[in-house]
Amino acid sequence: MLSEVLLVSAPGKVILHGEHAVVHGKVALAVALNLRTFLVLRPQSNGKVSLNLPNVGIKQVWDVATLQLLDTGFLEQGDVPAPTLEQLEKLKKVAGLPRDCVGNEGLSLLAFLYLYLAICRKQRTLPSLDIMVWSELPPGAGLGSSAAYSVCVAAALLTACEEVTNPLKDRGSIGSWPEEDLKSINKWAYEGERVIHGNPSGVDNSVSTWGGALRYQQGKMSSLKRLPALQILLTNTKVPRSTKALVAGVRSRLIKFPEIMAPLLTSIDAISLECERVLGEMAAAPVPEQYLVLEELMDMNQHHLNALGVGHASLDQLCQVTAAHGLHSKLTGAGGGGCGITLLKPGLERAKVEAAKQALTGCGFDCWETSIGAPGVSMHSATSIEDPVRQALGL
């Protein structure tokens, strides 16, 4: 068991192209978003495990002795045990959560407890730890915040228990794990995601683990080997929506108008494939014209998504406001509100970006200037992170 303080971060994600079409067997491109979740793990000797989630105002403390008495025999299934309903009911009792706990805050506690017991049970005694998780990602906005959380928890616990290597053992300021360790972190993070979401696709945790960009189709994932650095505006309309209802709406429209809807889905697939091709070219030899192609693809995809029925007045407003400043946007994720992305090509006048941000904020939206294709899960020294993050984590 390591005795030092560990500081880990993992990125969120956005869907660049292919949302909704992916449900019907088409390609989706998911990219790591450089808004990150940070976790600091401090070993303790007070016989307690504490989890502090300041973004949602939760602090929970458990007695190690009580957790030690738990029959963790139920975790003995194979290498990475999948959580069963029976196990989750037992853990809810220990966590002091109501049986019908479905809120993300409660499920975050449950996912932590599950990963802590499952990963640390190989230690002679369960370790005393103080863990704080703070995120730049807004929760419930379709940006992979729960996956970034699960990836951070899995990476920190596996490193602390010496199940994976410590990337900073040679005193660097930032590091990542070797491929085998990343696979292990990803497997455990997926189980954390299962506690929170039931039956996730695995895309969010994979993007958060490896970073960069992933192509996903019918359960198969592959990494886009090279990715140019792309700057974006990410805008949260803050309009709540139900992903389930939006997916069901597309399905019923497909049944009602198969001759119209099937070609739309095929076109969206072609947009994803063209974007993948252009990104590959840009990574090898970037020319300004390629950004114009990316902008056109975003416009076309946005119109297709409106035709599928997953648009929203707030997203139309976002696209109109950015278009007035010569920028190109599309929804990302489920649609019906939620978030949109706007491409910022190199050499864009600063004043134009600021004016667009101001106009979006004036609509009541939240707006971030960030990048996509970000690094995956990383270990940091305290000096390698920015002051606001350090302060939020109490470092």
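For all residues, glycine too, the Cβ spot is worked out from N, Cα and C.
The active site, proton donor annotation in Swiss-Prot covers S146, and the record cites similarity to another entry as its basis. For S146 (active site, proton donor), the same-chain residues lying six or more positions away in sequence with a CB closer than 8 A to its CB are N104, L107, S108, A111, P139, E193, I196, H197, D204.
Under the heading active site, proton acceptor, Swiss-Prot lists D204, citing similarity to another entry as support. Reduced to three states, the DSSP call for D204 (active site, proton acceptor) is helix.
DSSP assigns L143 (ATP binding site) to coil, not to a helix or a strand. Swiss-Prot lists K13, N55, N104, S108, S135, G140, A141, G142, L143, G144, S145, S146 with the feature ATP binding site, giving experimental evidence as the kind of evidence.
Under the heading Mg(2+) binding site, Swiss-Prot lists S146, E193.
Cβ-based neighbour count (10 Å, all protein chains) for L143 (ATP binding site) stands at 27.
DSSP assigns K13 (ATP binding site) to a strand in the three-state reduction. Within 10 Å of the Cβ of A141 (ATP binding site) there are 21 other Cβ atoms, across all protein chains.
The local packing around E193 (Mg(2+) binding site), expressed as other Cβ atoms within 10 Å of its Cβ over all shown chains, amounts to 25.
When the record's ATP-binding residues K13, N55, N104, S108, S135, G140, A141, G142, L143, G144, S145, S146 are compared pairwise by CA position, the greatest distance found is 19 Å.
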